[in-house]
Amino acid sequence: MNGKTIILANPRGFCAGVDRAISIVERALEEFGAPIYVRHEVVHNKFVVDNLREKGAVFIEDLAEVPPGATLIYSAHGVSKAVQQEAAERGFRVFDATCPLVTKVHKEVARLDAQDCEIIMIGHKGHVEVEGTMGQLAPGKMLLVETVGDVAKLEVRNPDKLAYVSQTTLSVDETKDIIAALNARFPNIRNPHKEDICYATTNRQTAVKELAEQCDIVIVVGSPNSSNSNRLREVAAGIGTDAYMVDNASYLQRAWFEGKNKVGVTAGASAPEVLVQEVLATIRRWGHETVREGEGAEESIVFVLPKELRREGETKPDLCKR
């Protein structure tokens, strides 16, 4: 034993929303056969998407690419009202793989709009979840802020009829700063009934923060277009620890580990455990012999499939409590 240790973050990897979204595509392929069309990558992970593509899933961005009467699945990130309307007009058989926690934000937007509140969204411009959430209302009806600096530039109709919602995969710490700035500038702004950042994002960021405090280097398994995976790397780096994000083990560089005794490994919510194990095997070959699991929050949430795709024993409620 050389004292070189790998610590695995807990929790890590797939969350309930990702599990559900992947299962919807797989079950639809089993029930209806290929091809099954999916608007956008069902989750942001190359390995997962490539695997589903091999099984017969076709990933598209424009509904014009989908033939009449075909089966269409919305990605876990959600879609706008305009996309839903177009899908209905084209007569597709639709299954909605939107994460229920994203759907919760969509419902909050509808409720606030019905109360004539102007809504601010905290999120990253261009991210598919942000496009879907802001697309719950007509273009221009919601305001987007990405940074604390954006808050000072906001022009609102009525500061007393104002509310905010958040993208579910943001940095917990950075979002707190933006929320503080919003509350400072608009004292009467309405906060969500419950934090929009999802339990899995929060738990994984807490775990990687603890990991970074113990380790000399942190490896995050996740694809470059995965928001929550990028945030994990940023959180670890923010502690002052060397942090790298890799899509799979082939992206690892041996030089990163020179002089590093403790290596932390985690994975974004859309990264499968098989990729973590491949990363682990590579690092072990390079001399880190001891592996141990870190401690963290236990997760037992399960989101069930749409009723049309459920099998015997797969019943409501949608949310099984932790």
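Heads up, the Cβ atoms here are built off N, Cα and C, so glycines get one too.
When other Cβ atoms within 10 Å of the Cβ of GLU129 (active site, proton donor) are tallied across all protein chains shown, the result is 26. Under DSSP, GLU129 (active site, proton donor) is assigned to a helix (H, G or I) in the three-state scheme. The feature active site, proton donor is assigned by Swiss-Prot to GLU129.
Swiss-Prot lists CYS15, CYS99, CYS198 with the feature [4Fe-4S] cluster binding site. CYS99 ([4Fe-4S] cluster binding site) carries neither a helix nor a strand DSSP state and counts as coil. Sequence-distant contacts (6 or more apart, same chain, Cβ under 8 Å) of CYS99 ([4Fe-4S] cluster binding site) comprise GLY17, VAL18, ARG20, ALA21, ALA76, HIS77, GLY78, THR168, CYS198, PHE303.
Packing around HIS44 (isopentenyl diphosphate binding site) is summarised by its Cβ count: 29 other Cβ atoms lie within 10 angstroms of its Cβ, all protein chains included. Annotation source Swiss-Prot lists isopentenyl diphosphate binding site at HIS44, HIS77, HIS127, SER226, SER227, ASN228, SER270, citing sequence analysis.
Annotation source Swiss-Prot lists dimethylallyl diphosphate binding site at HIS44, HIS77, HIS127, SER226, SER227, ASN228, SER270, citing sequence analysis. In this structure, ASN228 (isopentenyl diphosphate binding site) is part of a helix by DSSP. With a 10 A radius on its CB, ASN228 (isopentenyl diphosphate binding site) counts 27 other CB atoms from all the protein chains.
The (2E)-4-hydroxy-3-methylbut-2-enyl diphosphate binding site annotation in Swiss-Prot covers HIS44, HIS77, HIS127, THR168, SER226, SER227, ASN228, SER270.
Using a 10 angstroms CA-CA radius around CYS15 ([4Fe-4S] cluster binding site), the binding-site residues that qualify from HIS44, HIS127, SER226, SER227, ASN228, SER270 are SER270. Cβ neighbours within 10 Å of HIS127 (isopentenyl diphosphate binding site), excluding its own Cβ and spanning all shown chains: 17.
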